[in-house]
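These notes concern the structure reproduced below.
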């Protein structure tokens, strides 16, 4: 299975890079992982709604360029569906069983995802109603993908 994580912005903090590297190494046993970072646009402090939408569109266009036609796209969005780790593993397994061997997870920038990206998504997923820094969220997503594969393989995982 091919897993892509397409996210806005670069990881600068060493501790986050170390966690991403660790989960990437662990996941190599289960899937081919591709992490794609697109440039985040600068948001002025007093940006209008129109300016924010333009920024989301620019970031969205960069994201869409990296989504393959055959990808099952899962957008991480506050308005998405909240599910358990077991349900998340079922979602990944259902993709595989229905012939979707490529899953693209999409993480937006500080303003979220554009309507174009959300429209392209096959599934909208929320981890919580809380807001997280998108850099930290990448680590959280990798951990849940790793946990999902452990569940699917019947291997022990921390509950």
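Note: Cβ is positioned from N, Cα and C throughout, glycine not excepted.
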Site-mate of 76, 127, 128, 129, 130, 131, 132 for S-adenosyl-L-methionine in Swiss-Prot, selected among 60, 108, 109: 108
Residues within 8 Å of the 76, 108, 127, 128, 129, 130, 131, 132 Cβ centre (excluding the S-adenosyl-L-methionine site residues themselves): 78, 126, 137
Fewest Cβ neighbours within 10 Å, where candidates are the binding-site residues 76, 130: 130
